[in-house]
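Q: Take this structure, written in structure tokens, and hold onto it; I'll ask about it next.
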Amino acid sequence: MDRHLCICREIQLRSGLLFPFLLLMMLADLALPAQRHPPVVLVPGDLGNQLEAKLDKPKVVHYLCSKRTDSYFTLWLNLELLLPVIIDCWIDNIRLVYNRTSRTTQFPDGVDVRVPGFGETFSLEFLDPSKRNVGSYFYTMVESLVGWGYTRGEDVRGAPYDWRRAPNENGPYFLALQEMIEEMYQMYGGPVVLVAHSMGNMYMLYFLQRQPQAWKDKYIQAFVSLGAPWGGVAKTLRVLASGDNNRIPVIGPLKIREQQRSAVSTSWLLPYNHTWSHEKVFVYTPTANYTLRDYHRFFQDIGFEDGWFMRQDTQGLVEALVPPGVELHCLYGTGVPTPNSFYYENFPDRDPKICFGDGDGTVNLESVLQCQAWQSRQEHKVSLQELPGSEHIEMLANATTLAYLKRVLLEEP
């Protein structure tokens, strides 16, 4: 037989034997997870995700208010509910009722509130389901994550919660969060990166301080903290005293004050003595000044003594000196005038004059830099990144923020 034909037949034979093997190798490669980046959990801040409500109320505060609904509707954020007169209905539905005996809050009679979209991102991408720009929150960040290869509801998920309440009343949330993190670890073959904003950082600190170190080492790759109020926020005293409409002209500060006071998380975010001087005056009035040692008298003088009980219930929820025990990245805005103290001529029912300090417009620099203290208190790396001129909400879409996050997730230089 021609030697050339023999060689060809031998090659064909070997190819025939190799082809099934190569095919199996290719299929095996396809079966391997395509995941090359860590899964991400996004945790919003105060007011930072949608809430839904269903009504079956014994009475209403105005004849224009709905007494009963057949299904759940958007309670937050729905701009149509913030119109004059209608806002009275909204406040009566979204407020919490504090029980001094149980030291917990309840929904008003006939109101059921739920948090939509746990594990999804929609309820924190846009606070208003109509996706108006005014309600845009995590949208730009999630879009960036998608551009880096992530998929909504799969390897990037949201962890929304009832932000009116402090962690001590949201026990089921933390169980669900732990289960979701463990599930994502199993599905995507590695630990999770937590990305939290504002009060969401306090929620995550509470969560991490209660996890065994072995659990954190296995399931958490890093914690990216954006605008964290570690030491509380000075503007909280103004919110409690005279209300804060966040510059929304159709909402009167005194009108919104009832809802803001009823949220336990508001009192939880008062300034803490581990960050602020005991001598610092936050509120000046013609008859009295208030430091953080004067909270009891402050609540008495504004006519809201439930707030003092709320503060007592929540002030020990996170331990200032106990670090999270995971790799931590603290990003914070500077150079934006941030309320630091308040001067009232008519206390507490008139807007104050405001003295400003440094920060991101909401969180004071003194508070967010609390994470510096953890650099010497944990083995895991603690990194800080200043965002000059970055406002509290805008930092989520800040180019420096997104570039930093991309480096953490994709381990780019």
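Here the Cβ of each residue, glycine as well, is placed from N, Cα and C on the backbone.
So Swiss-Prot lists the following for this protein:
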- 1-33: signal peptide (SIGNAL)
- Asp46, Met199: substrate binding site (BINDING)
- Cys65-Cys89: disulfide bond (DISULFID)
- Asn99: N-linked glycosylation site (CARBOHYD)
- Ser198, Cys355, His392: Zn(2+) binding site (BINDING)
- Ser198: active site, acyl-ester intermediate (ACT_SITE)
- Asn273: N-linked glycosylation site (CARBOHYD)
- Asn289: N-linked glycosylation site (CARBOHYD)
- Asp360: active site, charge relay system (ACT_SITE)
- His392: active site, charge relay system (ACT_SITE)
- Asn398: N-linked glycosylation site (CARBOHYD)
Q: Can you give me the same-chain residues 6 or more apart in sequence from Cys89 (disulfide bond) with a CB-CB distance under 8 Å?
A: Val60, Val61, His62, Leu64, Cys65, Ser66, Leu81
Q: Translate the DSSP assignment of Asp360 (active site, charge relay system) into the three-state scheme.
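A: Where Asp360 (active site, charge relay system) sits, the three-state DSSP reduction gives strand.
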Q: Among the recorded positions Asn99, Ser198, Asn273, Asn289, His392, Asn398, which ones place their C-alpha within 10 angstroms of the C-alpha of Asp360 (active site, charge relay system)?
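A: Among Asn99, Ser198, Asn273, Asn289, His392, Asn398, the ones whose Cα sits within 10 Å of that of Asp360 (active site, charge relay system) are His392.
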Q: Can you tell which of Asn99, Ser198, Asn273, Asn289, Asn398 has the most other C-beta atoms within 10 Å, given these are the recorded positions?
A: Ser198
Q: Does His392 (Zn(2+) binding site) have same-chain partners at least 6 apart in sequence with Cβ under 8 Å from its own Cβ, and which are they?
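A: Listed in sequence order: Ser198, Gly227, Gly333, Val336, Asp360, Gly361, Thr362, Val363.
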Q: Just name the winner among Asp46, Asp360 (the recorded positions) by count of other CB atoms within 10 A of its CB.
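A: That would be Asp360, with the highest Cβ count within 10 Å.
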Q: Within a 10 Å radius around the Cβ, which one of these recorded positions has the most neighbouring Cβ atoms: Cys65, Met199, Cys355?
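A: Buried the deepest by this measure is Met199.
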Q: Using DSSP and three states only, what is Met199 (substrate binding site)?
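A: In three-state terms, Met199 (substrate binding site) counts as helix.
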Q: When you rank Met199, Asn289, Cys355, Asn398 by Cα distance to Asn99 (N-linked glycosylation site), which of the recorded positions ends up on top as the closest?
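A: Spatially nearest to Asn99 (N-linked glycosylation site) by Cα position is Met199.
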Q: Specify the nearest of the recorded positions Asn273, Asn289, Cys355, Asn398 to Asp46 (substrate binding site), where nearness means the distance between Cα atoms.
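A: Considering only the listed recorded positions, the nearest one is Asn398.
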Q: Nearest to Cys355 (Zn(2+) binding site) by Cα, among Met199, Asn273, Asn289, Asn398 (recorded positions)?
A: Asn289
Q: Check the Cα-Cα distances from Asn289 (N-linked glycosylation site) to the recorded positions Met199, Asn273, Asn398 and tell me which is shortest.
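A: Nearest in space to Asn289 (N-linked glycosylation site), counting only the recorded positions, is Asn273.
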